[in-house]
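*Asks:* The following feature annotations were taken from TrEMBL:
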type: DOMAIN; residues: 38-76; note: domain 'EGF-like'
type: DISULFID; residues: Cys47-Cys64; note: disulfide bond
type: DISULFID; residues: Cys66-Cys75; note: disulfide bond
type: DOMAIN; residues: 199-237; note: domain 'EGF-like'
type: DISULFID; residues: Cys208-Cys225; note: disulfide bond
type: DISULFID; residues: Cys227-Cys236; note: disulfide bond
type: DOMAIN; residues: 266-304; note: domain 'EGF-like'
type: DISULFID; residues: Cys275-Cys292; note: disulfide bond
type: DISULFID; residues: Cys294-Cys303; note: disulfide bond
Amino acid sequence: MATYPDSKGLYLCELLATDKYRATNKFHANATWHHYRASSPCESDPCKNGADCVPDYEMNSYRCRCKQGFCGTHCEDCEGEKIKAAVILSCAIPKLQVLPMMHAMEKSALYRNPTGDFSVGEFQRNPFHYLWMKKIASSMVTDQLDCTFLCVGEPKCYSFNMAAYPDSKGLYLCELLATDKYRATNKFHANATFHHYSPSSPCESDPCKNGADCVPDYEMNSYRCHCKLGFCGTHCEGGENKSCSDIKCTIPKLQVVLTSSTLMEMESPCESDPCKNGADCVPDYEMNTYRCHCKLGFCGTRCDQRGVSSLF
């Protein structure tokens with residue numbers, strides 16, 4: 001609304017379809033206008049870390065639009081926060097184990113020494129998420145580090161859920177799990193009262209293609225891909241008429257090796273058509289041999305003999 005009246009004593013009034021909270025970048029100081037807006041649930045500035053507050057006047061509520069790198073109801077949590085813990089389970093660690101221990105602490109997301117002397121783990125927080133899997137154990141802890149130590153020290157633990165808010169005594173519920181979000185993707189969901197912690201995983205970069213499942217190997221800091229039907233290759237990138245790279249695919253009577261620079265055709269053990277009477281030849285390239293799937297009524301290594309039927 002205009003700050004000053006015109007010659008007739010009237011003020012110009014402009015109605016708007018939004019407010020300063022929904023259009024913060026358009027709200028500026030002005031010497032000739034006043035701005036009026038409804039009392040807002042955003043007035044208390046509840047959103048943190050530079051987040052935008054979006055009011056819901058009908059519900060007298062709000063939601064926060066977080067800046068990149070933050071999450072949570074009020075954008076108070078850092079995405080990708082990591083916590084690392086080492087557990088020494090023996091008072092005396094042989095000198096020869098010092099080097100593998102240091103290597104484990106630097107390279108592995110979750111490492112447990114075979115002798116049981118020490119364990120180390122690095123966990124990444126997934127704010128307001130919960131993995132709905134059977135619990136190994138539950139405990140009340142003072143903070144996330146305590147929960148991390150419990151998991152690292154438990155040989156069967158691979159991730160944990162931890163309450164986002166403390167109880168009346170200031171303690172948090174810690175739930176140890178025997179699997180992680182990569183092995184149980186369909187059980188990993190958003191949750192308003194828990195954070196989930198999983199080991200920093202080699203699967204985080206999403207290396208498996210064409211819908212394949214990534215299965216992490218935390219001790220080796222590696223992974224393997226479980227391909228969907230019709231795909232092959234280290235990353236399941238080959239098959240279904242797609243290009244292959246550094247993989248070996250097999251088709252009947254021919255083995256094709258595709259690399260980034262060469263294409264070679266290798267003779268198949270089935271090339272000589274050894275199976276008789278319409279039998280199917282199944283090659284075994286690694287052993288350079290084959291086996292025959294005989295038609296009904298035939299038998300023998302090469303299906304070259306007629307079977308004998310008996311009636312009882």
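Backbone N, Cα and C define each Cβ position, glycine as well.
TrEMBL annotations: computationally assigned, not manually curated.
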*Asks:* Please name which of the disulfide-bonded residues listed here, Cys75, Cys225, Cys292, Cys303, is nearest in space to Cys236 (disulfide bond), Cα against Cα.
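*Replies:* Smallest Cα separation from Cys236 (disulfide bond) among Cys75, Cys225, Cys292, Cys303: Cys225.
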*Asks:* Spatially, which candidate from the disulfide-bonded residues Cys47, Cys292, Cys303 is nearest to Cys208 (disulfide bond), comparing Cα atoms?
*Replies:* Cys292
*Asks:* With every protein chain in view, what's the tally of Cβ atoms within 10 Å of the Cβ of Cys236 (disulfide bond), excluding that atom itself?
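*Replies:* I get 23 for this one.
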*Asks:* What are the sequence-distant neighbours of Cys275 (disulfide bond), meaning same chain, six or more residues apart, C-beta distance under 8 angstroms?
*Replies:* Cys281, Tyr290, Cys292, His293, Cys294, Arg302, Cys303
*Asks:* List the residues of the same chain that sit at least 6 positions away from Cys64 (disulfide bond) in sequence and have their Cβ under 8 Å from its Cβ, in sequence order, or write 'none'.
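*Replies:* Listed in sequence order: Pro46, Cys47, Lys48, Ala51, Asp52, Cys53, Val54, Thr73, His74, Cys75.
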*Asks:* Do you know the DSSP helix, strand and coil residue counts for the domain 'EGF-like' (38-76)?
*Replies:* 0 helix, 12 strand, 27 coil
*Asks:* With DSSP assignments reduced to helix, strand and coil, which class does Cys225 (disulfide bond) get?
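*Replies:* Once the DSSP labels are grouped into three classes, Cys225 (disulfide bond) ends up as strand.
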*Asks:* Per DSSP, how many helix, strand and coil residues does the domain 'EGF-like' (199-237) have?
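*Replies:* The counts are 0 helix, 13 strand, 26 coil.
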*Asks:* When a 10 Å sphere is centred on the Cβ of Cys227 (disulfide bond), how many other Cβ atoms does it contain?
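*Replies:* Looking across every protein chain shown, the total is 21.
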*Asks:* Helix, strand or coil at Cys292 (disulfide bond), per DSSP?
*Replies:* strand
*Asks:* Inside 10 Å of the Cβ of Cys292 (disulfide bond), count up the other Cβ atoms and send me the figure.
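*Replies:* Total other Cβ atoms inside 10 Å, all chains included: 21.
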*Asks:* Give me the Cα-Cα distance between Cys66 (disulfide bond) and Cys225 (disulfide bond), rounded to a whole Å.
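*Replies:* Given the Cα positions, Cys66 (disulfide bond) is 33 Å from Cys225 (disulfide bond).
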*Asks:* Among the disulfide-bonded residues listed here, Cys47, Cys66, Cys75, Cys225, Cys294, which has the most company in the form of other Cβ atoms within 10 Å of its Cβ?
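*Replies:* Of the disulfide-bonded residues Cys47, Cys66, Cys75, Cys225, Cys294, the most buried by Cβ count within 10 Å is Cys47.
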